[in-house]
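Data block below; observations after.
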Amino acid sequence: MTAQIIDGKALAEELRQSFKARVEALAAKGHRPGLVVILVGEDPASEVYVRNKVNGCLAIGMHSEKITYDAAVDQTTVLKKIAELNADPNIHGILVQLPLPKHFDEEAVLEAIAAEKDVDGFHAENVGALAQGNPRFIPCTPYGVMKMFEKGNVDLTGQEAVVIGRSNIVGKPMALLLINAGATVTVCNSRTKDLLAHTRRADILVAAVGKPRFVTADMVKPGAVVIDVGINRLPDGKLCGDVDFDGCKEVAGQITPVPGGVGPMTITMLLANTIEAAERKAGL
Ligand SMILES: Nc1nc2c(c(=O)[nH]1)N[C@@H](CN(C=O)c1ccc(C(=O)N[C@@H](CCC(=O)O)C(=O)O)cc1)CN2
């Protein structure tokens with residue numbers, strides 16, 4: 001039997017519609033949620049994501065603006081802008097699109113964002129809160145994955161979860177969320193010894209390794225929930241995930257596609273975090 005496909009695009013749309021009432025309630029009290037997205041450089045994929053973030057906000061009645069800098073801009077200029085935005089009462093969320101050009105100290109930039117406006121959840125204070133099981137802002141991609149589990153009635157308690165990938169954006173926060181949800185979590189990477197032995201016993205398998213079709217059908221336990229966080233652009237311009245979807249869907253119980261799986265949920269959870277930031281500031 002082929003796996004049930006978890007439709008991230010449909011869930012993202014459903015959630016976005018549900019956000020509209022919260023945005024209007026805030027706006028009626030003079031607190032229209034506002035997000036600023038900072039983009040440094042001309043990476044074409046980042047330009048698309050940033051545009052989708054800004055448009056996603058506007059579509060549900062939020063305020064949003066993009067600030068762009070040439071790739072050669074110095075870090076001080078960006079830090080100065082972040083300081084201004086930290087002090088702006090109409091801006092509830094600030095996000096710096098990653099990756100940054102090589103001459104930037106990424107950590108210093110992310111730490112410069114006020115923790116209460118860090119809607120990406122990358123500030124050390126927010127990472128610490130998540131690690132302690134008391135999250136303030138959950139990084140958007142793993143947050144989206146958790147919403148998918150919720151929607152699919154996936155009970156994580158006591159389940160064997162394997163995360164392939166250990167990035168700060170996805171792998172690490174994903175592992176923390178799964179731990180907090182009561183799963184038994186193993187974090188692997190592409191060089192893990194006997195990776196197959198780990199993945200084959202996973203009830204929940206999250207691929208965030210950044211290698212096209214890295215997870216093949218033989219690595220999947222029959223009936224497992226397979227979440228593909230990969231977004232790889234192939235030489236022919238097509239997009240593909242870290243999972244060999246056609247092969248794995250014959251073994252898995254549930255699986256996310258690429259595109260149309262986790263990706264659309266990432267931006268949706270950014271909207272959720274920004275609304276949450278505005279609600280906190282408004283005392284709601
Ligand atoms: N500051 C941040 N930078 C980056 C993040 C992040 O969460 N915060 N994540 C990624 C990129 N990303 C959001 O920024 C992102 C990636 C993919 C998608 C998405 O909707 N993908 C679609 C396909 C889109 C396409 O055609 O290219 C899908 O999977 O269906 C949204 C957001 C790195 N940087």
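Here the Cβ of each residue, glycine as well, is placed from N, Cα and C on the backbone.
Any TrEMBL annotation is an automated prediction that lacks curation.
Sequence-distant neighbours of Arg166 (NADP(+) binding site) (same chain, 6+ residues apart, CB-CB distance under 8 A): Lys172, Val187, Asn189. What TrEMBL lists as NADP(+) binding site is Gly165, Arg166, Ser167, Ile231.
Annotation comment: TrEMBL describes 6-120 as domain 'Tetrahydrofolate dehydrogenase/cyclohydrolase catalytic'.
Annotation comment: TrEMBL describes 139-281 as domain 'Tetrahydrofolate dehydrogenase/cyclohydrolase NAD(P)-binding'. Secondary structure by DSSP for the domain 'Tetrahydrofolate dehydrogenase/cyclohydrolase NAD(P)-binding' (139-281): 54 helix, 26 strand, 63 coil.
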Ser167 (NADP(+) binding site), number of other Cβ atoms within 10 Å = 17
Please state how far apart, in Å and to a whole number, the two most distant Cα atoms are among Gly165, Arg166, Ser167, Ile231, the recorded NADP(+)-binding residues.
-> 16
Cβ neighbour count within 10 Å of Gly165 (NADP(+) binding site) = 24
Other CB atoms within 10 A, centred on Ile231 (NADP(+) binding site) = 20
Secondary structure split (DSSP) over the domain 'Tetrahydrofolate dehydrogenase/cyclohydrolase catalytic' (6-120) reads 59 helix, 18 strand, 38 coil
